[in-house]
């Protein structure tokens, strides 16, 4: 009995009940934790522990230690902010390399589960976190979400790893029979530079896909029927982004700067308004493929309401508002609202972001004041205040409120640390002239306190000394010489006249000096001969007017041999003793008085003619009913009359045979020497057989 007791004890020790397992194994799963999102499809996690005897910190358990499942899969309230955008906005207003930005999600990075954000108005993005919050969609318009930094498939029932799939008609588990495909390739190659319409996506379109077949320098653009652009309008090209358009989220993707990649636009749908898709052409089009699905029997009778996407909320918290475009349409065309009056009009305004604004604290800095010195190292100060932002708005609070969260910015800094500088000048140069007005120059340079030459910017705050100044030397000697004027009119029109000009002794400013100061140079002549051509002597009369003087009974137009006092209108030569030419040699001949020169044709400028004395008319009956024996008559009254003219050859008769002579006398230059042919110019120009004689 005593021997059996030890054996029984050993058997009990090695039985399975008392033996501790030596293989690592998993403990039971713990409970699921809090959901990562309150709506829109979050993720919750549970864990389990590996039971191991290893002391090095490792284990030999096979399988995951975390398990995930979907939670809060209901849709978020309409108007809620995009979940990735909400995560980027947490960095709004924070200091980033000395600046504060409003951050927007960036979708063009390689890893879609990193939190990459882009500052509004800038062209770069930054990775704020290595992983987004679980449940964040990997790509807009697709059914996949990020879990622990990895993109995982989401079934159309919003459950992780669910086999349920959505067909192109957006029917969960459907077979694609409730809609039909619209697929085409816009291949027009040569398009005008700028915006060119390709096609229209109708209301109700789902599973939208638009992509370039080849990477080009062209861009895709989207607008509504009223011409309002949602994407890439007015030559403002955007970066890759997701944006709510026509009631759905459209994801636009293009290559980053320098990355040549085809552009794409994808969207889940359904669209709530027609969308006009355009190509911004800059080079030949290589083709744009597009496809979307429309529900079967989608045609509507008559007009119906279409509406666009909601605008951004006016406030990020504290209850804002947003609006959308609502319009009446049919066949992808917009029409007046009254045509849809029989249908209930969709809401065009609503409130948004009603949650209270959290209190935020930040330092507000003022502008630096003027530096205490302009060079050599000074200081400047600025104001720094702690500002609290809440639902009531911003207000200044104690510095301690902000100091608990962030160190206060400096209120004092050094400034103008550059060396002091000054302008150094050289002596003025000699005057540029030896007499009169000139200028002097000198060199002006910017130098430091040690005399080294500096750039002009160091002296920009100083007054620049002049480098040029005027100078006056003794007056230059005046140049006195003869100065001549223009020649006057010639004293005669032919037969050698004379003309004069003024000759004075003066300087260049026309100041007069005694003649003896100009004797170094010969005095120019003051008189010279002119119009030396020969004159033609008239035959009886030199012009039409003197012939009329015969008709009116005045003396013969023959030049007197002894009358040297006859008045003329020619220029008199005070230095000539030659007799003045007779009026018969003037341009328009004599007036009826026989000695006054006419100023134009037909006695222009002549004194009124006295009654005739030497003509005794013997009249015949005339239709002008004017008696010829009045002693004077007009040219018309002379027709039909006989005149007996007393000339230097005696008394002769003038009758109807003189008609040609009367006609040539009425021309501009009168008759030729044959008293019949009209002259072509003054002094018998153009006349046949002119006489040849001289004075």
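Every residue, even glycine, has its Cβ placed from backbone N, Cα and C.
Annotation source TrEMBL lists disulfide bond at 35-71, 39-76, 50-61. Look at TrEMBL and you will find 101-179 tagged as domain 'ADAMTS/ADAMTS-like cysteine-rich'. The feature domain 'ADAMTS/ADAMTS-like Spacer 1' is assigned by TrEMBL to 183-295. The signal peptide annotation in TrEMBL covers 1-19.
A map of TrEMBL features onto the structure.
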residue	record	Cβ within 10 Å
35	disulfide bond	19
39	disulfide bond	15
50	disulfide bond	16
61	disulfide bond	17
71	disulfide bond	22
76	disulfide bond	15
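Helix, strand and coil counts under DSSP for the domain 'ADAMTS/ADAMTS-like cysteine-rich' (101-179) come to 0 helix, 26 strand, 53 coil.
Checked against residue 35 (disulfide bond) by C-alpha proximity, the disulfide-bonded residues 50, 61, 76 yield 76 as the nearest. In the domain 'ADAMTS/ADAMTS-like Spacer 1' (183-295), helix, strand and coil residues by DSSP number 0 helix, 57 strand, 56 coil. The disulfide-bonded residues recorded for this entry are 39, 50, 61, and the Cα of 39 lies nearest to that of residue 71 (disulfide bond).
You'll find the Cα of residue 76 (disulfide bond) roughly 40 Å from the Cα of residue 61 (disulfide bond). Annotation note: residue 61 (disulfide bond) sits in a coil segment as assigned by DSSP. A Cα-Cα distance of 35 Å separates residue 39 (disulfide bond) from residue 61 (disulfide bond). Under the three-state DSSP scheme, residue 35 (disulfide bond) falls in the coil class. A mean pLDDT of 89 is what the model gives for the domain 'ADAMTS/ADAMTS-like cysteine-rich' (101-179).
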